[in-house]
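These notes concern the structure reproduced below.
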Amino acid sequence: MTETVTDQGKQRSSKLQKNEAAKDEQVEGKGKETLESGTDKSAEQNSSLLVGQPDVIDNDNVQTVDDFKNLMYKMQETRRAIVFALLNEKDLTKDDVEILKRAYEKLTDNQTHSFQREMCTLTTKLSVNIGDETRGLEKDLKYLDALMNIRREEPNLLWPIIMSRVDLFSILANYHPKGKETFLKEYEDTVKFLKTFISSEAITGKKPIFITDWDGTMKDYCSQYATNLQPVYSAVGMTRFAASFTRISAVLTAGPLRGPGILDLTAMPIDGPVMFSGSWGREWWLSGKRVVHQDGITDEGFNALQRLDDEMKDLLHTSDYAPFALVGSGVQRKVDRLTLGVQTVCHHVTSELSNRYQMAVKERMHRVDPNSQILVFDPSTELEVEVVAHNSGIIWNKGNGVERLIKSLGDSLQSPGKILICGDTLSDIPMVRQAVKQNPDGVLAIFVGAKMSLREEVKQVIGDESRCCFVSCPDVIHAAMSQILNEHCIGK
């Protein structure tokens, strides 16, 4: 087993990972939507991405796919600036908030109906579900408006005091998929649960460890992975919670670090108290460098994947296949594979177009690997395919990612001290198992939106139902973290 440290731009890759847990996360992460009260649910469930027949079209007044992505990424840069200001006692600029308002106005103009936004490429019109992007901005604007109102009334107050006076629960409760009453019950239970987690420092003398999945756990699912962007309120709360109450906090996701990946999509400081990983913990961003665990990966496999990634960028920018950049997983360059979205949850890409796209992918694979000795085309689910580099048979899961992080940091999961693992699918169970193996009585787990079978598995692995907590959506956790921080601030 080897570990390499490289600059951000350099990448490695790895093995054929036929892992049911990983598949579980990929299937659920495709375009699953968290539906909230007050929205047109039927429209969202029946629409995701509608791709028209290729033809030369009139693009007047219709936003292009590239324009949409550029709008969202520039808006996310502004979110990061706002988060930085709030965390470092800087003034918020009116311009920054206005940028978010203008982005929201753009997303809700007459090109959008019931969260379906009409867009185009050079030859194709399409309709994209932007419900998650819109709601995230809506919640942020309410949150920032509350902060700014208090700041105007009492300009000498520090941001933590101002934040403690904002009722985040009331802002988020209306968006809970099961209503306010359920939100309140889950919120109260989660506040108590998190208090148990952070109180362990007083008993053991060590701050606890917090490790979490991302999509579906700390961030609502989005129809487009490429624009699954973290809101301000979430970024501020997670960063402050990690800094105040934990000695290690980490996000461990199946997606990549870059390209886009978690480092592009988060609004948290990437070199702050929360660390980030991609590819099931095969790649980490630590101390400003990309750390890659390349077990079983050959140089030939890495090079072939890198060349295919370049081929895919060319394919999406110079053909009728541009819409596939926004189909589910889009194009994700992971350590050992490329994950490619080929269909939406609601099957709004025609079979003919999806098949043509997959044939185009195979043709690009042949350019890179003409003898089919390095790359494997794996139609892993009906929603996505994977192009995987041949490997030495090593099976990697998120538990391995946790193990490598702790080893890299020179720390331990063993007692004394508590560990909180958060997830939402079977692919997150290996993180729980890894922690329980090292610290049987010190592991707590929060799982989001889990089916009964998954809940039972979590309880069985933990071995103590009182150390398990289940909620319906990520916002419950964010509201609970906010309350813990508010009480901590008032206590000071």
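From the backbone N, Cα and C atoms, a Cβ is placed for every residue, glycine too.
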According to Swiss-Prot, ASP213, ASP215 bind Mg(2+); so which of ASP424, ASP441, ASP464 is the extra one listed there? ASP424
Cβ packing number for ASP215 (active site, proton donor/acceptor), 10 Å threshold: 24
Whole-number Å value for how far ASP213 (Mg(2+) binding site) lies from ARG333 (substrate binding site) (Cα to Cα): 18
Those recorded positions from ASP215, GLN332, LYS334 that fall inside 10 A of ASP424 (Mg(2+) binding site) by CA distance are ASP215
Which chain-mates of GLN332 (substrate binding site) that are at least 6 residues away have a CB under 8 A from its CB, listed by sequence? TYR225, GLY255, PRO256, GLY259, GLY261, LEU338, THR339, LEU340
Residue pair ASP213 (Mg(2+) binding site), LYS334 (substrate binding site) - Cα distance, angstrom, rounded: 16
The most crowded of the binding-site residues ASP213, ASP424, judged by neighbouring Cβ atoms within 10 Å of its own Cβ, is ASP424
